[in-house]
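If you check Swiss-Prot, you get these features:
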| type | residues | note |
| --- | --- | --- |
| BINDING | 133, 137, 138, 139 | (6S)-5,6,7,8-tetrahydrofolate binding site |
| MOD_RES | 242 | N6-(pyridoxal phosphate)lysine |
| SITE | 241 | site 'Plays an important role in substrate specificity' |
């Protein structure tokens with residue numbers, strides 16, 4: 001039985017005309033709650049940031065309708081004229097931003113960017129060398145729980161116990177002993193600058209490719225306040241959010257034409273099908289923002305604020321891994337306080353400061369508990385916090401942690417309530433999306 005035309009017209013009008021509030025109240029309400037959380041909590045998770053309305057608008061655009069398997073000018077679908085132009089803009093902006101010869105902006109995430117390099121340059125069972133997860137590496141750098149640790153043969157390097165810094169001589173010793181085909185520099189919880197030239201020297205000495213995962217510090221590189229790996233690495237991977245302040249996604253950069261051809265084939269058709277062109281458009285917008293002079297000031301402020309936060313924590317008797325930071329993030333070692341990372345994360349969240357529990361070098365606690373927390377300044381800097389605000393944030397974190405040490409998990413409610421009131425006053429001074 002054919003539906004009456006009037007019903008079809010009504011359904012069509014509702015489909016194209018109803019906003020989210022009218023169409024799906026369950027989701028609309030929960031997005032509103034999440035907006036309230038972001039507005040009224042201080043975001044200290046080092047891998048998170050706050051994007052512009054322009055980035056949100058691009059990602060929420062009608063480009064979500066378009067399938068575009070392949071690459072600009074070489075698609076497997078018709079109707080790709082405009083998404084070709086958008087993806088080309090994203091590629092050219094990425095190349096200009098990082099001074100790279102080639103870019104692939106299609107990876108859906110940093111993990112898939114890393115996977116694409118593995119697929120492009122390694123065979124299953126090949127040996128590669130990466131930073132141990134407990135020392136600040138990443139799951140995709142050889143964790144046995146990750147594909148990288150299941151399909152390939154990972155060997156790891158760590159940090160020195162006395163200062164928690166990379167020991168490059170030790171890295172070279174491991175490389176000479178294991179003869180990896182690929183060496184990875186970069187990680188998810190290492191706060192110091194990395195000597196990329198030394199890593200390249202080590203890679204060359206054993207005939208290995210050097211891959212730098214700059215997911216965490218890409219925005220600092222783009223802003224000119226952190227050393228660039230592009231002149232030294234055979235290939236560089238990154239996310240496009242974190243310090244780069246774009247949508248959640250990944251990217252691969254290189255100056256080697258042979259490598260980009262292999263990476264392109266690995267991304268599509270090797271790992272992915274159709275690219276997310278609405279996300280690629282948002283990446284292009286974020287890259288355009290990062291090419292503006294204001295972004296350099298932002299990147300410098302991120303580092304200045306991180307140093308202010310670390311110094312404030314240290315004055316509260318809180319231990320910072322490696323003694324400080326050169327970047328946007330820091331690891332807090334809570335073992336001297338007798339506090340776990342899990343308890344600190346939960347207590348700080350009740351005080352409206354969001355961070356994540358994190359293992360510290362040579363940690364004996366489980367990943368579910370940990371002995372530390374990881375803190376970062378990108379999101380707070382985006383909302384306008386300066387060194388004075390982050391100094392106060394450090395003092396407030398110290399109050400919560402010291403309260404936990406003195407009062408225990410169940411006795412810290414009064415401290416959390418006091419800190420929460422000050423946090424709410426602080427976030428009210430620096431509103432977002434208002």
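Cβ atoms here come from the backbone N, Cα and C positions, even for glycine.
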Cβ-centroid neighbourhood (8 Å) of the (6S)-5,6,7,8-tetrahydrofolate site, 133, 137, 138, 139 excluded: 130, 131, 132, 140, 141, 142, 143, 146, 187, 188
Tertiary neighbours of residue 137 ((6S)-5,6,7,8-tetrahydrofolate binding site) (same chain, Cβ under 8 Å, six or more apart): 130, 131, 156, 184, 187, 188, 189, 190
Shortest C-alpha distance to residue 242 (N6-(pyridoxal phosphate)lysine) - which of the binding-site residues 133, 138, 139: 138
Nearest-integer angstrom distance between the alpha carbons (Cα) of residue 138 ((6S)-5,6,7,8-tetrahydrofolate binding site) and residue 241 (site 'Plays an important role in substrate specificity'): 16
Residue with minimal Cβ packing [other Cβ atoms within 10 Å] among the binding-site residues 133, 139: 139
